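Let me begin by presenting the structure, written as structure tokens, before commenting on it.
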Amino acid sequence: MAQTNSFFMLISSLMFLSLSQGQESQTELPNPRISCPEGTNAYRSYCYYFNEDPETWVDADLYCQNMNSGNLVSVLTQAEGAFVASLIKESSTDDSNVWIGLHDPKKNRRWHWSSGSLVSYKSWDTGSPSSANAGYCASLTSCSGFKKWKDESCEKKFSFVCKFKN
């Protein structure tokens with residue numbers, strides 16, 4: 001009888017131990033807080049930088065590539081678009097357009113993000129992109145609160161937003 005009780009206690013202890021260890025491994029660890037360089041802003045796992053110095057689309061993207069290997073911002077969701085719009089508005093800029101990383105490199109109306117991200121979310125302004133317009137680079141427009149995209153000539157000079165991993 002003593003062996004049966006000892007065996008029962010041993011099995012019970014092992015079951016309790018395995019249950020408590022299972023609970024420990026299922027506990028979610030908090031996401032580490034992203035740290036971005038001074039003068040930039042964090043959103044999710046990226047850092048963002050708004051530059052008010054006007055550049056052509058190509059020069060703006062090169063600037064972003066030289067800044068922590070980033071690109072002009074790719075706006076992949078509505079929530080990210082709202083974040084970028086708030087970042088621009090907080091700067092109190094007078095600019096009517098701000099470059100983003102969307103462009104049509106082959107001029108065939110097939111738009112791509114300079115970062116290589118897939119274009120799944122779209123936020124074109126009414127009438128954009130327009131085949132009547134010779135614009136193959138996209139900007140955010142102030143008249144939409146910087147939430148809508150418009151195709152523009154890549155040679156125009158606008159301020160811009162960079163996006164990069166730190």
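Every residue, even glycine, has its Cβ placed from backbone N, Cα and C.
The following features are taken from Swiss-Prot:
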type: DISULFID; residues: Cys36-Cys47; note: disulfide bond
type: DISULFID; residues: Cys64-Cys162; note: disulfide bond
type: DISULFID; residues: Cys137-Cys154; note: disulfide bond
type: DOMAIN; residues: 34-164; note: domain 'C-type lectin'
type: CARBOHYD; residues: Thr27; note: O-linked glycosylation site
type: SIGNAL; residues: 1-22; note: signal peptide
Other CB atoms, at most 10 A from the CB of Cys36 (disulfide bond): 17
Sequence-distant neighbours of Cys64 (disulfide bond) in its chain (C-beta under 8 A, six or more apart): Tyr49, Gly70, Asn71, Leu72, Gly101, Phe160, Cys162, Lys163, Phe164
Cα separation, Cys47 (disulfide bond) to Cys154 (disulfide bond) (Å, whole number): 24
DSSP residue counts for the domain 'C-type lectin' (34-164), split into helix, strand and coil: 26 helix, 41 strand, 64 coil
Segment-level pLDDT (mean, integer) for the domain 'C-type lectin' (34-164): 96
Pairwise Cα distance for Cys137 (disulfide bond)/Cys47 (disulfide bond) [Å, integer]: 22
CB contacts for Cys47 (disulfide bond) [other CB atoms within 10 A, all chains]: 21
Least buried by Cβ count (within 10 Å) of the disulfide-bonded residues Cys154, Cys162: Cys154
